[in-house]
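The annotation compositional bias 'Polar residues' is assigned in TrEMBL to 1-10. Annotation comment: TrEMBL describes 17-31 as compositional bias 'Basic residues'. Look at TrEMBL and you will find 32-41 tagged as compositional bias 'Low complexity'. What TrEMBL records for 42-55 is compositional bias 'Pro residues'. Residues or ranges marked as domain 'Methyltransferase small' by TrEMBL: 173-254. Feature annotation from TrEMBL assigns region 'Disordered' to 1-58.
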């Protein structure tokens, strides 16, 4: 297993989505200005020979020598693909080369992937709108470098606030927590690093790909003793801890099904529908989570759900405060850094 290390890119540089709009703002397609209408046709899925599994590019062995002239020629070809309307792609190219080359100034340069694989990765990013996080296999999130791959939702910056909410819960460090729909395991790992000797995190996901990626992230950050990854749907794998959890955390699918075709290509074409599709009103999974909360939380237990924004959050607050008023208290909608009611929180009575 790869040891813990950081991407060769500066941490502050690999946060391009700090100003990236939350998911609910990605409902309008935004093609590159130079693209034709055909650019909005999703690419035909093909087997990806460049996909090494969940291991991020910067953690792969630098075992592919390439002459400096060949690497420079690739850089020129890659830059030539960037349309004037997308200057940020030049930054992505620098990051790709930083992750791929152990020492780009050496001759030959030692790369972590064959040059033709880098070419295919770059072409997929520029022409097929494949998210850059999938290209390099990681995303910087809070103080973590989280491994991601196709089939796992890319963690968003607004979700970082969940960890801060958990830290404010009295006695959180020694409690048992569940992260439902853990995906990459970003939330589970971040919370686990804050837990004390008695604290424990159960990270649950129905996706086998997510379980694989979350396992890698848990192992990389050395929190295997605090995080137990369980494969299954929502509360099903938690029957043995019913009534024992201090908290439940979830960033579930919340996009209305009819809105999926309008998502930005980077999201709608490439990120897993399983992690996006919230049903007719986007509430299918959120309502299921609300129904099951009281069975797993101990008295005084805390919950926090991420939602699509103001409308969903306000609906859930009203619903929980009326239908389950006898079970929960202090239910409220919480603002994210964009002043949107992104989260619903509360406590079991």
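Note: Cβ is positioned from N, Cα and C throughout, glycine not excepted.
Here the domain 'Methyltransferase small' (173-254) returns a mean pLDDT of 98 for the predicted model. When the domain 'Methyltransferase small' (173-254) is classified with DSSP, helix, strand and coil residues number 28 helix, 22 strand, 32 coil.
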